[in-house]
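Student: Got a structure here, written out as structure tokens. Questions coming.
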Amino acid sequence: SVAMKHLTSFKRELGTLIDAVNKRGRKQNKRGGNEGSIMWLASLAVVIACAGAMKLSNFQGKLLMTVNNTDIADVIVIPNPSKGENRCWVRAIDVGYMCEDTITYECPKLTMGNDPEDVDCWCDNQEVYVQYGRCTRTRHSKRSRRSVSVQTHGESSLVNKKEAWLDSTKATRYLMKTENWIVRNPGYAFLAAILGWMLGSNNGQRRWYFTILLLLVAPAYSFNCLGMGNRDFIEGASGATWVDLVLEGDSCLTIMANDKPTLDVRMINIEAVQLAEVRSYCYHASVTDISTVARCPTTGEAHNEKRADSSYVCKQGFTDRGWGNGCGLFGKGSIDTCAKFSCTSKAIGRTIQPENIKYEVGIFVHGTTTSENHGNYSAQVGASQAAKFTVTPNAPSITLKLGDYGEVTLDCEPRSGLNTEAFYVMTVGSKSFLVHREWFHDLALPWTPPSSTAWRNRELLMEFEEAHATKQSVVALGSQEGGLHQALAGAIVVEYSSSVKLTSGHLKCRLKMDKLALKGTTYGMCTEKFSFAKNPADTGHGTVVIELSYSGSDGPCKIPIVSVASLNDMTPVGRLVTVNPFVATSSANSKVLVEMEPPFGDSYIVVGRGDKQINHHWHKAGSTLGKAFSTTLKGAQRLAALGDTAWDFGSIGGVFNSIGKAVHQVFGGAFRTLFGGMSWITQGLMGALLLWMGVNARDRSIALAFLATGGVLVFLATNVHADTGCAIDITRKEMRCGSGIFVHNDVEAWVDRYKYLPETPRSLAKIVHKAHKEGVCGVRSVTRLEHQMWEAVRDELNVLLKENAVDLSVVVNKPVGRYRSAPKRLSMTQEKFEMGWKAWGKSILFAPELANSTFVVDGPETKECPDEHRAWNSIEIEDFGFGITSTRVWLKIREESTDECDGAIIGTAVKGHVAVHSDLSYWIESRYNDTWKLERAVFGEVKSCTWPETHTLWGDGVEESELIIPHTIAGPKSKHNRREGYKTQNQGPWDENGIVLDFDYCPGTKVTITEDCGKRGPSVRTTTDSGKLITDWCCRSCSLPPLRFRTENGCWYGMEIRPVRHDETTLVRSQVDAFNGEMVDPFQLGLLVMFLATQEVLRKRWTARLTIPAVLGALLVLMLGGITYTDLARYVVLVAAAFAEANSGGDVLHLALIAVFKIQPAFLVMNMLSTRWTNQENVVLVLGAAFFHLASVDLQIGVHGILNAAAIAWMIVRAITFPTTSSVTMPVLALLTPGMRALYLDTYRIILLVIGICSLLQERKKTMAKKKGAVLLGLALTSTGWFSPTTIAAGLMVCNPNKKRGWPATEFLSAVGLMFAIVGGLAELDIESMSIPFMLAGLMAVSYVVSGKATDMWLERAADISWEMDAAITGSSRRLDVKLDDDGDFHLIDDPGVPWKVWVLRMSCIGLAALTPWAIVPAAFGYWLTLKTTKRGGVFWDTP
């Protein structure tokens, strides 16, 4: 019906157009137009158009017409002189413009009366061939949906130092992520180990748990290089002539032998050259020039002439033919289709020949080396102290000449770790891989040998679609590069250009030292004085490098240097690594480097003799016995931060594709809110723990609830990225990011608890090395936190660079002024540097020595490293970590080049009349007063990035010249960054420290607005260089109060404000030109762990050996943020409840659920519907409340604070009425939920109100109701905020004078509560202020003392009193029955009180007086008129 409506409307529109054309023609006739000439011209135009678009030629002996998409709109007429006109119709839907992708097929002849069948082209007089292009301008050519199945490569069997390609699909990536989690959350890892021990009840179970834990921490150990760091020391026996060495990739050996010079032998590179090409695979093909030849039944086989061309792929078949497609008989007709195959992208496989593997080795002598020549290879070669050589299987032996040191011979056995017969180097796109030979040969892709250009198995990347009567389409498959990369998971990535650098393999050499000799043994001792050019430095290998400066000129001479245990005993200890050090030149002040190995403990390095002797105290940590275990121990202590890149969940399987989407949509939001700040491993462990509890639960409903919750947690932990952002609170001037808090307090001091850390120092060191090779000499930090990050990792980077033989050191200088920008960027790389266990362990304690080349971070601009050669803004935030003392922020290299600041730490907000732009450096505050204007800005530091538009408020149509904080130093492009009378402060004092921008007068100065004032200029300080104050200032058209900058060096005015008259030479000018809500607490594992630990303590007796480590572990976890102080409070409450219920059969599981899920009180109202629930009912009700809580967070439905306060008030009243363990514990836990701290006062007020109303409802006597009702009514009036609490309180006191001796204990608490309510209404204080309880305590103490009546009372027996039965009651006076209370006062038993009308009138007078001070006098007069009788009134405090 819908289709018919569209067709009807289309027909109507068509009729309207035809009518309009007809009417226009009739008008032309009336005007005398020549219709015949018009028709002739139209026909001529059609013929010319057809001739211009359609082309005629021949194909296989028949006519071929070439058409485009404009020709198929109408009948195509082909003139034929012999047979007359041939009309053809083309109805193909894939006609495009002409290109290489063409198709040719036959248009059959259909006789009159036959409808076309299974053809999209036909003619009425003669069959012809049609040809057209299939390209379109809007999309790519049609591709096949099919893909080639490529078998997975599998894990490489090579022992390799580099990570495999897409290794994340295997278990090793899981272990690496586990290690990453352990590094970032060590407290959780420690507790997980304790849990694993405690969960096992026997040795067998404990072994299983230990196996699991070992799997979790296995990546911390690596057996490839265990016991071998990047530098090993080998000692030859006395008199030995040779020593065997084993060199690995990037390793270095130091050889020491008696009476021989010390040598360093280093493996520099393993490289394979002249790779032979084996086979090329095509993974992306294109199909062009398709042609189809068809025959009718009984007319023979169809034959396409293009079969003879080897570049074409052809396929024969049969189709149904008959009258509807140009055949006289019905049956199967032959069809032959050919298409041209061409390869667009190919993967090439190459083989490595064993004889083409080269090993580059360097040998260095520990001789007389100056600090300038240290690490300078060319200088050392010139001094015959170093040599490089290449070892190949064809030349395994080499002899090196070392000048005066003799010569050394190496006989090597090259043993590559690579079995060249089993591996190929396969290049796919820009990446190369080491692949197994069998896998390579079994690839189901078109291939060609290197000696041929013809492709085999081409049909694997082509698809012949279903054949029609005379037409068959052919399409190519899409690029298979993605499938190849996925299948290559586990293969080792290599770098290939013309050669391949191998990362596996070793070289076994025999070093012959018989011809080595010490140099300088005949020299005399140096007699002049030495001095330490630099303090001795630890190398990180247990040795010390000393740079000495010699003042004498009697060289060459030997250096008297020794290491002694005491200056009183000159017995040498330790040994010299640089054997027989000497000064080589006779020039004065020459410098020499000496390396020595001091003993463990304290020692002295003594240089020189006699009175010219100098010494340096040295301490070497460790012990002689411990040295034997240092390699393995330091390996075990290694902590490696591995990146989470390339994590791939393809191995989970397709079963989650449908279920997972639903789970993600339902629970994803709640999961991010509750668990966003946690590591995914922690989330997974929690899910596994819930699954384990579900399996062990006896009750079916509880088991199902645990299993469902645990399963959802495990799924979301592995599928939802744990991201957290920043939240901003304007009133408290605080900004939260991750799990930390950033506070900007009232004294304008920044307290930041953030610590930036690189994703992994190994990759950062490689990035620095790569940047330095590309001409980047240093880095400019964007913020002070990035600068602190470089300072923190500097030593570790330098160790990595040194251990990988890179002559480069990272130097971090103190930043000067603002943080400036630079044009270059650091680029990402997948490679990482390697570091041995020993080197890592020593890097923690000792800084490495400085290399010859430096990579400079911050500091002043120098000629060696100008800003144009530095990188900047290359790092962005990846993730937030844990911690109470600081939030760890993990960084990664930016993939794109941008000048924008990192948006992950930026918060913007508008609340009321205040707008704030804020990040970890800036707090920019604007206020609305008739118009929005900038009010103040506080700068932790000044940076040079640009504020992103995505985090900018009201940024439409802003002119940069109006921005007070310039856009180039991260000023927001916002209309909030403006103020009338001021333009952009591009020459403000932005290089100063501790800048606060606001609008006020600098102390001791005045500013006047005058036309005679000077023009804008750089900001000027209000004090001169000598400290003299400049008092008179002016501006032309600024607004007052003036713009000022307060800095550490004084007060500065804005650029519009100039000094009236002053000596220009003494002014201090700015040298800058700037133009060049609430968060829900995360679910924490800590509380759950404490419950389990307590259970184990109760189940088993813990000895001191277990208790002390457990307490220390708990303290560690508390410091690291795994347990919060609120968790401790919840834990104490729950343990108390568990002990209280231990002997009564009660259950505290529902209370534990309230504590762990932090359920808001409003969702627990259902538990209040009955005074007694069974244990199972309690658990189910709380689970329901937990689900309600999760749903409200996910749907972002906030629960109003009054509802939560009312719920807690009702819980407290219920606990007072029915004091069971559950009813008492529940309100305490509810008060500890997030956000309840701001509702304590509301809760107290509601409790008072509930008790008051209940007591009024139960009051049987009108008098008491009037007394208590008056106070409650006054309290209700004051809570609205419209009535004065002081006036109402005074009025009630006057009405009811206190005549009691003192307060009873029950009424004292009522007094405290009422004072809370009144003072809370009077003073709008912060919820964290302690002034309320302090003020109340003082007020109550004074009031109690002043208002009380004290009487000395004693008992004295005067006489015996007895009742006489004769005493009769006579008279007609009214009888008054009284009772005596605890305070000794008499009360009428039945006192009606004042009439209701008088009571209402009095309350109205008191309320009127409280409403406005002007009504106090008339209200007092009206009140006095009601005082007709005198009655004893109750005390003011007589209220619940």
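Backbone N, Cα and C define each Cβ position, glycine as well.
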Student: Any idea which of 1096-1116, 1327-1347 is down as transmembrane segment in Swiss-Prot?
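Tutor: The listed stretch tagged transmembrane segment in Swiss-Prot is 1327-1347.
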Student: Quick check on the annotations: Swiss-Prot lists transmembrane segment for one of 261-281, 702-722. Which range is it?
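Tutor: Per Swiss-Prot, the stretch marked transmembrane segment is 702-722.
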Student: Tell me which of C1002, C1013, C1034, C1035 Swiss-Prot records as disulfide-bonded to C1051.
Tutor: C1002
Student: Swiss-Prot annotation: C777 disulfide-bonded to which of C865, C901, C945?
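Tutor: In Swiss-Prot, C777 forms its disulfide bond with C865.
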Student: Could you tell me what the rest of the chain brings near the topological domain 'Cytoplasmic' (696-701), counting residues at least six beyond its ends with Cβ under 8 Å?
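Tutor: Residues packing against the topological domain 'Cytoplasmic' (696-701) from afar: 1176, 1179-1180.
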Student: Which one is closest to C338 (disulfide bond) in space, judged by CA to CA distance, out of the recorded positions C526, N852, N929, C1035?
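Tutor: For C338 (disulfide bond), the spatially nearest of the recorded positions is N852.
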Student: Which of these disulfide-bonded residues is closest to C526 (disulfide bond) if you go by CA atoms: C314, C777, C1051?
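Tutor: Out of the listed candidates, the nearest Cα belongs to C777.
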Student: I'd like to know which of the disulfide-bonded residues C282, C314, C901, C1013 sit within 10 A of C1035 (disulfide bond) at the Cα level.
Tutor: C1013
Student: Using only C-alpha positions, which one of C314, C777, N852 is spatially nearest C557 (disulfide bond)? These are the recorded positions in the record.
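Tutor: Comparing Cα positions, the candidate nearest C557 (disulfide bond) turns out to be N852.
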Student: Under a criterion of Cβ-Cβ distance under 8 Å and sequence separation of at least 6, what residues of the same chain contact C1051 (disulfide bond)?
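Tutor: Spatial neighbours, sequence-distant, of C1051 (disulfide bond): C1002, P1003, R1021, T1022, T1023, R1044, F1045.
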Student: How many neighbouring Cβ atoms, not counting its own, are there within 10 Å of the Cβ of N852 (N-linked glycosylation site)?
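Tutor: Step by step: centre on the Cβ of N852 (N-linked glycosylation site), count other Cβ atoms within 10 Å, giving 13.
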Student: Can you tell me which recorded positions out of N68, C327, N852 are within 10 A of C1038 (disulfide bond) by Cα, answering none if there aren't any?
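Tutor: Cα within 10 Å of C1038 (disulfide bond): none.
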Student: Taking the Cβ of C526 (disulfide bond) as centre, how many other Cβ atoms lie within 10 Å?
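Tutor: By my count, 25.
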Student: Across all the protein chains here, work out how many other Cβ atoms are within 10 Å of the Cβ of C296 (disulfide bond).
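Tutor: Taking every protein chain into account, the count is 22.
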Student: Where does C338 (disulfide bond) sit in DSSP terms: helix, strand, or coil?
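Tutor: DSSP assigns C338 (disulfide bond) to strand.
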